Amino acid sequence: MNLNRFERYPLTFGPSPITPLKRLSEHLGGKVELYAKREDCNSGLAFGGNKTRKLEYLIPEAIEQGCDTLVSIGGIQSNQTRQVAAVAAHLGMKCVLVQENWVNYSDAVYDRVGNIEMSRIMGADVRLDAAGFDIGIRPSWEKAMSDVVERGGKPFPIPAGCSEHPYGGLGFVGFAEEVRQQEKELGFKFDYIVVCSVTGSTQAGMVVGFAADGRSKNVIGVDASAKPEQTKAQILRIARHTAELVELGREITEEDVVLDTRFAYPEYGLPNEGTLEAIRLCGSLEGVLTDPVYEGKSMHGMIEMVRRGEFPDGSKVLYAHLGGAPALNAYSFLFRNG
C-alpha cells in the first residue's frame with residue numbers, strides 16, 4: 001500500500017490521541033475495554049474533526065490549480081462546512097457554503113448557532129437552501145460554483161463530507177496507518193473500530209487502511225443517514241476506488257463493508273432516546289462530548305453492542321470520535337435540563 005505518493009498539506013496537529021474510556025467501560029461491565037481516537041481535537045482550526053484530516057489531501061490540488069475560493073455544501077449544522085471555512089481562512093482563500101435544510105428539526109436558533117455561526121465568524125459566504133437531505137452531487141452546490149466563476153473567481157469544489165472527491169478516502173487510510181503506529185506504542189492491537197457513517201468516505205478510507213492488515217471487517221460502521229442502502233453503496237464505491245489509488249493489492253468486496261443500521265432512527269439529524277442517553281452517559285462519565293447527529297448515534301451503537309454482548313469478553317474497541325460537538329448548541333432545547 002502506498003499512501004506517501006499523494007501530497008498532503010498539514011492541517012492537523014499530528015497523530016490524534018488515543019485515550020481510554022475507563023469509566024464508561026467499567027459502567028458497562030468492564031468486560032470490554034473501550035478507547036477513543038480523538039479526531040474531535042485533531043486541529044487548531046475551528047475545533048478540527050474528521051473532514052480536516054480529509055482536506056489535507058484535497059487542498060494541495062486547490063493550491064496547484066490556483067483556486068481562490070473553496071465551495072462546499074452540507075446541512076445547516078454541517079461540521080464539514082465549518083471545517084472548510086476554517087481551512088479557507090487559514091489559507092487566505094474565500095469560501096462559499098451552501099447550507100441545505102437536511103434536518104427536520106425546529107428551533108428558533110438552529111440556523112444561528114453552532115457550526116453555522118462559526119462559519120459566518122470565519123468570513124464564509126453562507127447560503128441557506130431549502131433542499132432536504134440526500135447523498136451525492138447537489139444543484140445548489142453547482143450553482144454556487146457557477147456564481148464564483150461569473151464574478152471572476154476560481155472555485156475549488158469540495159463535496160459533502162469530501163466523499164465525492166476522488167481523494168476523499170485517503171485521509172482515513174492515513175488514520176489506519178496512524179493507529180497501527182500507535183498500537184506499537186500501546187503494546188496491543190484493537191479488535192474492533194467503531195465509526196459513524198453518512199456520506200461514506202471516512203469508513204471507506206478505514207476499510208482500505210485496515211484491509212492492509214486483515215482487519216477491514218473489524219471496522220464497524222454505524223449508519224446515521226437513515227438511508228443505509230445509499231450509504232453502504234457509497235462506502236463500497238469509494239473504498240474500491242481508494243484501494244486502487246493506494247495500490248492495496250486486492251479488491252474490496254461487499255463483505256469488507258460492515259454497516260450497522262439499528263441506530264439511525266428516526267431519521268438523519270434527529271436523535272432517539274438511545275442517542276440522548278449515550279450523549280449524557282459519555283459526557284457525565286468521561287467528560288467527552290458527542291452530538292445528536294453523528295457521534296451520539298455511533299456512541300449509542302457502541303454502548304448497545306457492549307450491553308448486548310456483541311463484542312467478545314476481553315475485546316479492545318476503538319471508538320473513532322469524528323467531532324461534531326459544535327452542533328450541540330443547535331439542540332440546546334433537548335438538553336435544557338441536562
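The backbone N, Cα and C atoms fix where each Cβ goes, and this holds for glycine too.
Taken from Swiss-Prot, the feature active site, nucleophile applies to S78, supported by sequence analysis. What Swiss-Prot records for K51 is N6-(pyridoxal phosphate)lysine.
Spacing of S78 (active site, nucleophile) relative to K51 (N6-(pyridoxal phosphate)lysine) is 11 Å (Cα to Cα, whole number). All chains included, 33 other C-beta atoms sit within 10 angstroms of the C-beta of K51 (N6-(pyridoxal phosphate)lysine). Within 10 Å of the C-beta of S78 (active site, nucleophile) there are 27 other C-beta atoms, taking all protein chains into account. Secondary structure from DSSP puts S78 (active site, nucleophile) in coil.
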